[in-house]
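Beneath this line is the structure, given in structure tokens, with notes to follow.
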Amino acid sequence: MMDWSLIHASPFYELTSLLMMATIVGFFCLLLRQPMIVGFIIVGILVGPAFLGIVHSHEHIELLAELGIAVLLFLVGLKLDLHLIKTLGLVSLATGLGQVLFTSLIGFFIAKGLGMDSVTALYVSVALTFSSTIIIVKLLTDKHEVDSLHGRIAIGFLIVQDLVVVLAMITLSAFGIGSQENGVGFTTHIAMIFLYGITLLTFVGVFIRYLANPLVNRIANSPELLIIFAIAFAALMATLGNYFGFSKELGGLIAGISLASTPIRDTIAARLSSLRDFLLLFFFIVLGSQLSLNQLGHQVTPAIVFSLFVLIGNPLIVLLIMGVMGYRKRTGFLAGL
């Protein structure tokens, strides 16, 4: 392996090397007409421990990545006002719950068919219901489809999935050993999750009703302060979402929804879009650097089987659920993708 001691001498040098590599790889992606996300993940693989091993300042890169997540979901939330949520709430709830139920059920039997024990199959089946909110929202943003009907429905059932998966993972963790003590812990944990959720929603409701418009009107004349406030609020809600046992994504999304009814939402979205793209670069680099290619060879068959199921089965499940609810096949298929 090459000597990267000069780059490791300062986090700034590491950041510079990442930006240069992202520029070069991104240029080739542009020539090949591939999504920039692919290029950034490739950069992560290259700079990760499996290849060049350039990145040592993981905490700095991950901090930028987490801030990018908060800003991304915040900007999506700005497009989802309460009227829109009420309109699409039912289909998002039904699609999200249905997709989690059928995907986990079918995934469990596939895992058992591949020779996994019941506990492992259960964890794998729940994991198959995960959809990367960040990647999907980024793709929708790049294609300018966040405001489309299928884009809004997809974001809606992603939120439902996040909530269901949180509860599912708590349940699996609590009953992993099967003792009565864990059962008591499970009940307490679920109660706390609901309490935190009610507290968070109450805060958001009060903020939207009494504080949002007066506050943004007060600072709207100062573009600098407006942007600092928007980033701070997104980071705060992402922190609260994570602290309360949900996710940073959900917290950032709620922050955007809280300001979606204000007259300056378009101004904030326009000013933060470039910052979002810059910060998300580091999320995809972190994602790529964490891929362990050494262990991939032992899991090729299960990986292919589960990938085919997710790529083909999930869109069909969403298509069927939305078809029952009266939506066109094209809308259901695009939302499922």
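Including glycine, each Cβ sits where the backbone N, Cα and C put it.
Here is what TrEMBL records for this protein:
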- 20-336: domain 'Cation/H+ exchanger transmembrane' (DOMAIN)
- 12-32: transmembrane segment (TRANSMEM)
- 37-55: transmembrane segment (TRANSMEM)
- 61-78: transmembrane segment (TRANSMEM)
- 90-110: transmembrane segment (TRANSMEM)
- 122-141: transmembrane segment (TRANSMEM)
- 153-177: transmembrane segment (TRANSMEM)
- 189-212: transmembrane segment (TRANSMEM)
- 224-244: transmembrane segment (TRANSMEM)
- 278-297: transmembrane segment (TRANSMEM)
- 303-327: transmembrane segment (TRANSMEM)
Look at every Cβ pair spanning the transmembrane segment (90-110) and the transmembrane segment (61-78), keep those 6 or more apart in sequence, and say whether at least 3 of them are under 8 Å.
no
Can at least 3 Cβ pairs under 8 A be found between the transmembrane segment (224-244) and the transmembrane segment (122-141), with each pair 6 or more apart in sequence?
no
Sequence-remote partners of the transmembrane segment (61-78) [C-beta within less than 8 Å, at least six residues beyond its ends]:
14-15, 18, 55, 133-134, 137-138, 141, 146, 155, 230-231, 233-235, 237-238, 248-260, 265, 268-269, 272-273, 275-276, 278-283, 285-286
